[in-house]
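Now, the feature entries from Swiss-Prot:
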- 160-197: repeat 'WD 3' (REPEAT)
- 327-373: repeat 'WD 4' (REPEAT)
- 634-658: region 'Disordered' (REGION)
- 749-798: region 'Disordered' (REGION)
- 780-796: compositional bias 'Basic residues' (COMPBIAS)
- Ser1093: phosphoserine (MOD_RES)
- Ser1095: phosphoserine (MOD_RES)
Amino acid sequence: MRGALQAVALWGRKAPPHSITAIMITDDQQTIVTGSQEGQLCLWSLSPELKISAKELLFGHSASVTCLARARDFSKQPYVVSAAENGEMCMWNVSSGQCVEKTSLPYRHTAICYYHCSFRMTGEGWLLCCGEYQDVLVLDAGTLAVLHTFTSLQSPDWMKCMCIVHSVRIQEDSLLVVSITGELKVWDLSSSINSIQEKQDVHEKESKFLDSFNCQTIRFCPYTERLLLVVFSKCWKIYDYCDFSLLWTEVSRDGQFFAGGEVLAAHRILVWTEDGHSYIYQLLNRWAQMGATLRTFSGLSKCVCPADGGVLKGTVYPHLLCSTSVEENKSLHFVMGYMNERKEPFYKVLFSGEVSGRITLWHIPDVPISKFDGSPREIPITTTWTLQDNFDKHQMVSQSITDHFSGSRDEVGMTATITSSEYIPNLDKLICGCEDGTIFITKALNAAKAGLLEGDSLLKDSPCHTLLRGHHQSVTSLLYPHNLASKLDQSWMVSGDRGSYVILWDIFTEEILHTFFLEAGPVTRLLMSPENLKRSDGQILCCVCGDHSVALLHLEGRRCLLRARKHLFPVRMIRWHPVENFLIVGCTDDSVYIWEIETGTLERHETGERARIILNCGDDAQLIRSEPTLSVASETHKHKSIEQKSSNSHQPGPVPCPSVQLESSCKVADASSVPRPFNVLPVKTKWSHIGFHVLLFDLENLVELLLPTPLSDVDPSGSFYGGDILRRAKSTVEKKTLTIRRNKASCSSLQTEAQAKPSGDSLVLGDSTSKFSEENNGIKRQKKMKSSKKAHPKPPRKVDASLTIDMAKLFLSCILPWGVDKDLDSLCTRHLSILKLQGPVSLGLASNEDLFSLMLPGWDACSTEMKEYSGVNLCSRKVLDLSSKYTATLLHQTGIPRGLESHCDSVQQSDAIVYLLSRLFLVNKLVNMPLDLACEIDRPFKMETVHSKARFPGSDILNISSFYGHPKNGGNECRAPEADLSLLKLISCWRDQSVQVTEAIQAVLLAEVQQHMKSLRNTPVSSQPDPVAEHSICERMQISAKMEWTEELELQYVGKSSPLKTSVSPVKHGNDLNSANFQDTEDILDRCVLEESESAGQPRHRPWIAKVCSCRMC
């Protein structure tokens, strides 16, 4: 399990499109939530003065959003649920912008209602859903799992709209639903709770045809408990809820189509149309003589009619009071809603969202009245706003990553439209294909710094970039093959365009090596075959085209191997048969085409259950995402799906289909020997355009690369308790075993990262885990390596130290709250060489399941508490309070070196940066820790840890000296002092208080930087010889062990293993394993010594020395 990745959005000057398809206002009336055709949700701040400002974009859906609804009692949990056309459902915390639950169901919802009866049901309540399927689904509001179905006895059909009726008089709840054929159905919710819990059928209690089609809205009048408003496309009707008798019908005029309505008050309704017009009616002559007194009243059963058997003698007559003013644009489609439950100042608000992305608010008066002559009064627009308004007002901070490169500008001077993008981590190169066919290559880190930081005038004036010209149409796809095929040339790059041309480039010499013409549609995807494909001539390139065809190209041989053109539907998935050399193509209609690569013939075509079995077996699937709604993180998995899926093959157990087993798993990652702490992801907001880029920072990888000792070389078995060197040597095998277990578990979690961590950085990932080999034309597992076999030496990590430090400095520049303390800003710039931001940046988080949340420019425009901090890089006012509390706890800590000299060198700067990053990494881990595991960690707070010898799950985190300082007095045991416990308890309290990860990181960074710079503010410098450099070795090594233990602890939680027993001493473990693997231990020790840097004038890092020696120099 890995924490969330820190993200920084480089928006550019143009806002991403946000075609609104659903809109709602939260119950606290502070946030507007909109769903879009592009699949994103947008959170808009709503001030008490009804001012709007876009706050945050949420990425979680890969299809258009169809409906929104609240998913909890909002006063307790601010949760909103969203549904998409492809069946995806997400539950969002609108306060933090994080997705708390996600599922995918084979249903397309058009309406969702939240229902919870506190005194009759347990759990979080129900989500009642209807849509393009029969009847009504009942979902668990906590897990989004299907609980039951409300079924129809008469005329089952698709349901179009619904509402929940709460009857105060009889204390009963009912569900009213109207089908697409105009049939009204009533279910009793109160009496169905027990039936649903017992899984019994629940049928409707009443039904009635309403003699109209295409119902848009049904609303119950809670003020009279008698009126029922039903809005159809061409008319709206008023019914008596008692017996569903028709009271009035109003037909649309001038070709307008009604889209919805609400009940404003007793006998007053609001109806709106598809083009954004709305009308307020007063219902006159509301009730005539009723005849005999009603003997019964139920919201579910019909009332008793008068004795003569007649119907209601009176009807209602609507009188038009008011209408709303609308900017005339009949080509746009509006989605509208109404909110009349605002707290003080008790506004009644009509709101609308347009396809253009504009939100409009009208303040509805409490008592609408017409003019003196009886004509309707016009209600003016109160507020209107778009995403682009945010960008225009705060354009200074919305720099695109390509704004400073002249090669990306057309003849008019405007920035060229980017249609495809690819980042090469090994070379730190960003490759962008443009609509005019040009491709430019630049240094990604330099481009990001030029767009975000001050003081890079030289870079902005003369940026270093390369232009490639060879395409005559829009470049639609890019691929760097060496990332996926380690045997291919590092200089190769492949691009495809809309004209079905594929060009093989040499990016170093800027030459065209070969041009392929596929004679098909636009090239939409470029994929590499897995390395286990049994071909003597190497790996092949797969091209997916817009006309549903697939082509296979051999890059080294410069020839086309296969053109598959018989697919009737778009290609959804590509699979490879590693033994028989088959290409398996899955289409969106769930059909499968199996092609023989050698001959180019169609082997067979399967549909139905057989096709699903073929698609579901094996682990080498490459998903082809749909272009129009591309989530941010999908680009990460586009090329990495092989290594992520195949990591599951490390797990023991049978494989579903032996014919398509995968031989190797993580070989793809061998092409990159450096972890990816920094990544650049393109976001396609339209089907053919890259809207913006997102910078991703992986704190764990960043800290790992900056440490002098790899994590796998550090003993994670707990602590730096002194002992003798022989025992440390004997326990080396134990360290190896623990690392194996961690890495095997980590393989399955690689998909949670924006970029998978390469296996070259792990000591035993590629050598000691289960391997595969081909025997008798099949693929079987080999057993683990015998202890008698020598382990292959780990290749040295090829890390550009200066590049990694630049990544760390860029991250700190983006996170640091610039502007809070100007003196602190200048000290950071001067002594840490961290450049100041040009303005506040848009921060965000990338979670584990393709879920992103990104702040928008000017997100704090409506925040009253942030007005005094305008222009400050603060994610919230809460950061300052958290930082003060952290500083108060920090002052009681001893043993941790803080403070810089006035003339510090680059080594001291690097050590300070590593220390700051390690702190942020630990805070990120603690705040993101699951609640169950956090409870185990919090348990030692309530016990006497000084005299207790028991080991609790999670209590090891208290004994890691990297977080709390060094072992005191050189003792064998490092106990956390009370001040350190209070620090950990403080961060744990932040998690319980729903503090966001970004807020916690900013607060800790601000407090730590203030402590580091404290010595520079005062003229006298402390004479204590305690510089950072003296402690850097020990401290870094201890940070390594802390990271190891955090991962080990989380893996035990994820794997749901048995509770940890009392830890066994290293002596016993070492003796148990040493009997079989002592020779292997000696090899590792010898190799570790040989691999150490022997440069003159530089100290050689010996992690084991720090464990035996108590002096600070070691």
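Sequential numbering from 1, following the chain as shown.
Every residue gets a Cβ built from N, Cα and C, even glycine.
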Problem - Contacting positions for the repeat 'WD 3' (160-197) when only residues 6+ beyond its ends and CB under 8 Å are counted - result: 110-111, 113, 115, 117, 120-121, 128, 130, 136, 138, 147-148, 150, 152, 154, 203-220, 222, 225, 228, 230, 232, 241, 244, 297-300
Exercise for the section: Go ahead and report the DSSP secondary structure tallies for the repeat 'WD 4' (327-373): helix first, then strand, then coil. Expected result: 0 helix, 19 strand, 28 coil
Fill in the blank from the handout: Mean pLDDT across the repeat 'WD 4' (327-373) comes out at 84
Practice task
Would you mind splitting the repeat 'WD 3' (160-197) into helix, strand and coil residue counts from DSSP?
Solution key: 6 helix, 22 strand, 10 coil
